[in-house]
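Pulled from TrEMBL:
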TRANSMEM  70-88  transmembrane segment
TRANSMEM  100-118  transmembrane segment
TRANSMEM  152-172  transmembrane segment
TRANSMEM  178-198  transmembrane segment
REGION    221-247  region 'Disordered'
TRANSMEM  292-311  transmembrane segment
TRANSMEM  323-348  transmembrane segment
TRANSMEM  369-389  transmembrane segment
TRANSMEM  395-421  transmembrane segment
TRANSMEM  433-452  transmembrane segment
TRANSMEM  464-481  transmembrane segment
Amino acid sequence: MYLWTIDPRQWSPLRKNTSLILISAASMIAGLGNSIQNRSAPPVPYVSVGHRSTAAVKEMQDDLPATSSQFSWSISTFILVQGLFPLVWTAISEIKGRKLVYLTSLLLFTVGSIVVAISNSIGLSSAVISIGAATLADIFEPAERGTKMGIYYMAPLLGPSLGPIFGGALTTGFNWRAIFWFLTVVSGSSFVAFVLLFKDTFRKERSLTYQNALRQRMEHAAKKGSSRPVSHRLSLEDVAQPKPSDEDVEKANAEIEAVAIQEPRPSIKVSLKDLSPIRPIGLVLRRKNNTVVLFASGLLFAYGLMVPYTSARTLSASYNYEALKIGLVILSYGIGSMVGSFLGGRWSDHQLARLKRENGGVGKPEMRLHSIAVGATLLPPFTIAFGWVCRQHVHVAAVCVFLFCCGFLSIWIYASTLAYIVDANNGRSSTAVACNSAFRGVFAFIAIEIAVPMQDHLGDGWMYTIWGGIMVISGGLIFLVSHKGEKWRKDGEASEMNASQ
């Protein structure tokens, strides 16, 4: 019996939104994991900080024992692995489904947190990742995807902002090990919720990766002299014309599903050994529009981690704030990010609908990127101004306002960028999101490693001036994709179809 015929896009709003809440809550855990110990108490002043040293980390250094450089490397590596591991998870999810990936990653994180909590050495660590954006692509239509992406991304944005507050309270009230017991409870509860409430959203008919692997497996069996006739499985390449219109992509997916459901299920089954993660990743990165927008996305994500971290050091060194006050001030950045994610996602959908109407009802993924104009224009000057506000030690109220604005504007851009990555890669959305995570992880790793030297040697003013320039580059790349991306994307689709013939 074929078990994948229930289309998650036909689910009730309650079931859809329940899935949205589950993956949002799970995705927040990663943000907590890389910030709760790192900024769980105020860093010491710049002149004596060569690495990320906090009160919680100081306790860990004395208890384990370990050096501050080891902690610096472990936290940066956590962020890097967190970005790269989706390249493995996405391959598994395209064969075994989304739910297995969620449960496995949450279980690994829970066990890892327990191990770290009882460990006596620095050599133990953990990592977790989610494929939330791909799950939302399974459930929601493109017309509402920007709004749902914005809502989804609100939760993980809270992680870096709430981490210092929870970490400071737990370290002060108990000790550093309480941090990891807290993460154990949070991730364990999420694991149980997924077991009980989450229904897998993955559909083999929508996955080009799965369909191509199945076709190759059947062709291989035929070459070996299989007595069973090989029925060529319809794929997106078979449905679309050499130059398919963007409006027909979703219709093509629907046609794929209809054919796949009607035809007898083949006895041949696809397993993980039939799927190499390298080829789908290569197909995503071969398209210029993907590579350019992923580069811009990586810069934005690195900015999103750098701002709260360096702000915490500034608040400690220049304002003499304790952990709780630091967390409350940085929370303004998290709130701004949440508001920007929600409103930016809705504005993205609005712009897509408007431009689609003006184009005779024909929509294109690149239309969504036109919504970033306000954010991309204002983010660089606000970033530069924030740096000089910190440099001049202006009243903390001004710091809160600029933190809110920087968070709002950066995520306003990012929400549209993430939705575009999904829209522009029909049939490979999970692979595209995994590539996005890899770019984010690499750029964030670099940003966190150079943040302290930049801040110590340049000061907040010039450091944020440089980052303002980087945000100009990021916005410019996204504008480039909004104008050139359609041609690049169609050229990539045509190249893939020619190669498959």
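Residue positions begin at 1 at the first shown residue.
A Cβ is built for glycine as well, from the same backbone N, Cα and C atoms used for every other residue.
TrEMBL labels come from automatic prediction, so no person has curated them.
The largest share of C-beta pairs under 8 angstroms with the transmembrane segment (433-452) comes from 395-421, of the ranges 178-198, 369-389, 395-421, 464-481. Same-chain residues lying 6+ beyond the ends of the transmembrane segment (464-481) with a Cβ under 8 Å from its Cβ atoms: 289, 292-293, 295-296, 299-300, 303, 306, 366, 369, 372, 375-377, 379-381, 383-384, 386-388, 390, 410, 413, 417, 420, 454, 458, 488. With a cut-off of 8 Å between Cβ atoms, the residues of this chain six or more beyond the transmembrane segment (369-389) that come close are 146, 293, 303, 340, 344, 347-348, 350-352, 355, 398-399, 402-403, 405-406, 409-410, 412-413, 416-417, 420, 460-465, 467-469, 471-472, 474-476, 478-479, 481-482, 485.
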